[in-house]
Amino acid sequence: MRSKPNILVTGTPGTGKTTTSAALAEATSLRHINIGDLVKDKKLHDGWDDQLECYIVNEDLVCDELEEIMEGGGNIVDHHGCDFFPERWFDRVVVLQTENSILYDRLTKRGYSGAKLTNNIECEIFQVLLEEAKDSYKEEIVVAMKSDSVDDMNSNVATITEWVRTWSSTN
Ligand code: ADP
Ligand code: MN
């Protein structure tokens, strides 16, 4: 049994996973693991996908890399997918959600256009990540959180921080 919880922060690109995870790591002193950065830094991929403009994540390599770290507990994992991690890794799965027009602005600011932009907006409209999370983890550990504004983010961080405190004192 781990003494600190592992939390997965997931959601469509642009919903605020990295910003929220970083703030949460500050507040809780849990370790923020950004899967995108890890994949790049440790070359846990099978090359670059020209069409999707992203690395082709090697899911086995990522899981091998993280197994021991996750066993130790105390991690915030930040990723836009959630179906390939072992279910036993996580005590809480947070799915961030953002209103379409707001997400659209964030993604265009990030330089997304064309198919990449529409795919991500559709991903959010159809709640793909929420469905994926519910399919992959027990429904009672999955929580959707609105991430439209800075106020939303602060309140999400406060809520999760309180949950971590409670979890740590009862486990
Ligand atoms: P993700 O990691 O999910 O792709 P980021 O954390 O990189 O998203 O956030 C994308 C952009 O949106 C950043 O410029 C960030 O500052 C902004 N942002 C993220 N969450 C919020 C929020 N709740 N309110 C306002 N701006 C936000
Ligand atoms: Mn990110």
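Along the chain as shown, residues are numbered 1 onward.
Keep in mind that glycine also has a Cβ here, set from the backbone N, Cα and C atoms.
No curator has checked TrEMBL annotations; they are predicted automatically.
Going by what TrEMBL states, the ATP site holds GLY14, GLY16, LYS17, THR18, THR19, and the candidate of ARG92, ARG110 recorded there is ARG110. Matching 34-57, 58-81 against TrEMBL, the residues noted as region 'NMPbind' span 34-57. TrEMBL assigns the feature region 'LID' to residues 109-119, out of the candidate ranges 109-119, 131-141.
Residues GLY14, GLY16, LYS17, THR18, THR19, ARG110 are listed as the ATP binders, and the farthest two of them sit 14 Å apart at their Cα atoms. Within 8 Å of the centroid defined by the CB atoms of GLY14, GLY16, LYS17, THR18, THR19, ARG110, the record's ATP site, lie the Cβ atoms of PRO13, THR15, THR20, ARG106, excluding the listed residues themselves. Residues 18, 21, 65-66, 77-79, 81, 116 of the same chain, all 6+ positions outside the region 'NMPbind' (34-57), place their C-beta atoms under 8 angstroms from a C-beta of that stretch. Under DSSP, GLY14 (ATP binding site) is assigned to coil, being neither helix nor strand in the three-state scheme. Selection of the binding-site residues GLY14, GLY16, LYS17, THR18 by a Cβ distance under 6 Å from ligand 2 yields, in sequence order, LYS17, THR18.
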